Amino acid sequence: MTPKEFKRLYRIISILLEQGIDELVPARYQPWPGRLARRSLFWLKNKRQGLNRGARIRLAFEALGPIFIKFGQMLSTRRDLLPPDIAEELALLQDRVPPFCGQAARRQIEASLGCTIETLFDDFDETPLASASIAQVHTARLKENGREIVIKVIRPDIEPVIEADLRLMQALARLVARFVPQSGRLRPIEVVEEYRKTILDELNLMREAANAIQLRRNFTGSEALYVPEVFTEHCREQVLVMERIYGIPVSDIAALEANGTNMKLLAERGVEVFFTQVFRDSFFHADMHPGNIFVSYEHPENPLWIGIDCGIVGTLNREDKRYLAENFLAFFNRDYRRVAELHVESGWVPPDTKVDEFEFAIRTVLEPIFEKPLSEISFGHVLLNLFNTARRFNMQVQPQLVLLQKTLLYVEGLGRQLYPQLDLWQTAKPYLENWMYQQVGPKAVWNAIKEKAPFWAEKLPELPELVYETLRQTRHQQRHFDQMFADFRRHSRRQGQARYLLGVGASLLLAGVFLLTQKQHIEWGQISLAGAGLCWLLGWLRTRSH
């Protein structure tokens, strides 16, 4: 550990002690490193005696800085791991970081692009439009056509800081996993590793550019979602250049109402966008919190969502989509047996899971929820309760489902904030049923035939030759097999004869030795020994002949 890392570790431990995090663990369960730290750093007192545990943890993350704040924000979405009071407090974390100076941003952009800003852009504003822990955004115009753009640039020298903090977080996670018996359910090492992958992905803006291009292509011409254009020729790992958009923040209800927005349709559009991404495209924006969603000023009677910051996306394969759709339909029909069977069939829980017990556990958790009217039921919380129940039956963490459940909670929360009477089930059901209709039945068969038709059209002329070649190889392999079988039988026969001769030789040897000890039978003993030698010689020759 370097002196700088040791200093940072001391700072982390100091903050945890000052926020009273160690006191949240009962004394009898406290690991010895925690007790040692508290006794060794006796001058660091708990400054948060009167606060609940959620507030203490939130304040600790805020004091630890932007990397830990982002980690806390990620944890707030993992309601399958954290108690509700802690998750709700962590959801209040805000990524408030002072901007770095415009001159540093200019140098970073020019170093990445290999030319001066004035070569490519006009009206570059050194005062950032927005600032966050990893990057900040500046406005400008493209010199070639005057289009308004935003330039997102990674903070200078942020990568070594992130990597150092991640190493310390991994070390702390290993300590917690080793010394805190109750940490097994929280899986601290897995959670930190998941965060490490997420934040390192965010450092590569080319990845975000690719995600935005894919999402924009999926919704070309859509009345539901608009994704700003990315100017790839000016994008690098540390610089992202895209179209500047103007819109109303989706969380600004007053401004939306003042603009005459159709709030019911806007809320339903959010659900439409989510389920279209999941079931049509298998590619969804997985960071749809209010800060990343705007609403177009134009056509408020037919509102258009605008999505930005595509750094985090999720994907689902065909099987995951099928199981997910069937799960939704099954538990809204209260078919808990089918829900349990689907979890086993999908491989989400071990194949030896007792379906009867699993069904009963699901029924116990979900039946009280479905006593409410469907319009009051939270899709996200149904999934959350379902995953928590499945985890008791050793369900493995499914990263794509965790992202999906987090995004669904965002969409649902936004939708009900915009229009409290939103019936998510009625809005989503047509998408689920249509997708299932596309996947099973005559139409699905016809679609599969159409999808494979070009392949078979290409291969059909080759079919006679392939059949002939297959028959020829089969005939050749049959002859080869017959020869191998004949050789095997011959070898087995020789081996049997050799074993017989060796056995007779051994018997004659024993008889000869015995007769030699009897003076009246010396001649017979000599004959037996000679016979034994002859049998062994023949047996040895037979084993050598193959």
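Here the Cβ of each residue, glycine as well, is placed from N, Cα and C on the backbone.
What Swiss-Prot says about this one:
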- ASP287: active site, proton acceptor (ACT_SITE)
- LEU129, ALA130, SER131, ALA132, SER133, ILE134, ALA135, GLN136, VAL137, LYS152: ATP binding site (BINDING)
- 123-501: domain 'Protein kinase' (DOMAIN)
- 498-517: transmembrane segment (TRANSMEM)
- 522-541: transmembrane segment (TRANSMEM)
Take every residue in the domain 'Protein kinase' (123-501), average their pLDDT values, and give the whole-number result. 83
Near the Cβ of SER131 (ATP binding site), how many other Cβ atoms are there if near means within 10 Å? 18
Among the recorded positions LEU129, SER133, ALA135, VAL137, ASP287, whose Cβ has the fewest other Cβ atoms within 10 Å? LEU129
Which are the residues of the chain, LEU129, ALA130, SER131, ALA132, SER133, ILE134, ALA135, GLN136, VAL137, LYS152 excluded, whose CB is within 8 A of where the CB atoms of the ATP site average out, their centroid? PRO99, PRO128, VAL153
Where the record says LEU129, ALA130, SER131, ALA132, SER133, ILE134, ALA135, GLN136, VAL137, LYS152 bind ATP, what is the longest distance in Å from one Cα to another among those residues? 14
Rounded Cα separation (Å) that holds between LEU129 (ATP binding site) and ASP287 (active site, proton acceptor): 20
Integer Å value for the Cα distance linking the residue listed as 'active site, proton acceptor' with SER133 (ATP binding site) is 16
